[in-house]
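S.K.: Grabbed the feature section from TrEMBL, which reads as follows:
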{"type": "TRANSMEM", "residues": "12-29", "note": "transmembrane segment"}
{"type": "DOMAIN", "residues": "90-334", "note": "domain 'Sulfotransferase'"}
{"type": "BINDING", "residues": "LYS99, GLY100, GLY101, THR102, ARG103, ARG182, SER190, TYR292, LYS308, GLY309, ARG310, ILE311, HIS312", "note": "3'-phosphoadenylyl sulfate binding site"}
{"type": "ACT_SITE", "residues": "LYS99", "note": "active site, for sulfotransferase activity"}
{"type": "DISULFID", "residues": "CYS293-CYS303", "note": "disulfide bond"}
Amino acid sequence: MLFKQQALLRQKLFVLGSLVIGSVLYLVARVGTLDRLQPICPIESRFHPSEPEQIPLRTLQFKRGLLHELRKGNATKEQIRLHNLVQQLPRAIIIGVRKGGTRALLEMLNLHPAVVKASQEIHFFDNDKNYARGIDWYRGKMPFSLPHQITIEKSPAYFITEEVPERIFKMNSSIKLLIIVREPTTRAVSDYTQVLEGKERKNKTYHKFENLAIDANTCEVNTKYKAVRTSIYTKHLERWLKYFPVEQFHIVDGDRLITDPLPELQLVERFLNLPSRISQYNLYFNATRGFYCLRFNIVFNKCLAGSKGRIHPEVDPSVVTKLQKFFHPFNQKFYQITGRTFNWP
């Protein structure tokens, strides 16, 4: 009886030993295979700008995973250190204009795996209190990113605030500046509509657009009305050109970004020296919302906030015509300076 038990035990040990040896041999073979594959597609090459076709997958994993955790404050310091994540100052800023499509542009550029966006408007350069907090405070407001990625922020008030060009120049004289514009009268009405909605939400009354845009005493365009002043693009741009050459600006067509965004985004990719990554797959038209939404992958889609695409109030056609005639000479000068022409009235 004892002999049979010993024989059975030896048999079990033999089978177990065979399984262990087999597992070890499999792992050795597997590691060898991975070692052989590694030089074909090393991790570093996937991030290297000279080999753009290898960037997206790994980077998107960071952007949709760990970087998301960082924004929520869930990532640990060890994760940050291991993945070489940093808070970088922006290498490009969307400086304006208000109601030109700055949010849409920022969100669409965030489709690119080499771009990381600041989620909120920082208002560092146009706000004296924030600016006094210093550049380290500003850097601390930036998202975590990989060293090869470009951080972009947008604060449309930058474009019209007098102190901002000099302040940004002092931070980085070679920074790339993005300006997104719409037909000036349309932009002014959109500006008014946003303010009107805010007033109505608080049950407050507000003037009609016509009464704000036209001076009742002279019956001429009221240049003291902020929505009108903002649409005089060339006046603001001339102030920026005292500090930056025109080559550091890229003008984005905000009207085209609504109807056919991909060509505009491809122009921005080239301006930022990024490999072409955003494709038609990433953009799909939402008939219910009336504008394009974003597709990051088969799982993650995103549309802009419901406040985008507000319906504009009816404006007296004679006021529209008066505004278009007023803006016309300024538009012509804007075309001449920037080298980009629009089909504005």
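Glycine is no exception: its Cβ is also placed from the backbone N, Cα and C atoms.
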S.K.: Go through LYS99, ARG310, our binding-site residues, and report the one whose Cβ sees the most other Cβ atoms within 10 Å.
M.R.: LYS99
S.K.: Could you state the CA-to-CA distance between HIS312 (3'-phosphoadenylyl sulfate binding site) and CYS303 (disulfide bond) to the nearest Å?
M.R.: 20
S.K.: Do me a favour and check the Cα-Cα span between CYS293 (disulfide bond) and ARG103 (3'-phosphoadenylyl sulfate binding site); whole Å is fine.
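M.R.: On Cα coordinates alone, these residues lie 12 Å apart.
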S.K.: Across all the protein chains here, work out how many other Cβ atoms are within 10 Å of the Cβ of SER190 (3'-phosphoadenylyl sulfate binding site).
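M.R.: Taking every protein chain into account, the count is 20.
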S.K.: Express the distance between the Cα positions of SER190 (3'-phosphoadenylyl sulfate binding site) and CYS303 (disulfide bond) as a whole number of Å.
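M.R.: Given the Cα positions, SER190 (3'-phosphoadenylyl sulfate binding site) is 20 Å from CYS303 (disulfide bond).
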S.K.: Would you mind giving the whole-number mean pLDDT across the domain 'Sulfotransferase' (90-334)?
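M.R.: Mean model confidence (pLDDT) across the domain 'Sulfotransferase' (90-334) is 95.
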S.K.: Which one is it, among the binding-site residues LYS99, GLY101, ARG103, ARG310, that lies nearest to CYS303 (disulfide bond) by Cα separation?
M.R.: ARG103
S.K.: Just to verify: the residue among ARG103, CYS293, CYS303, HIS312 with the fewest other Cβ atoms within 10 Å, which of the recorded positions is it?
M.R.: HIS312
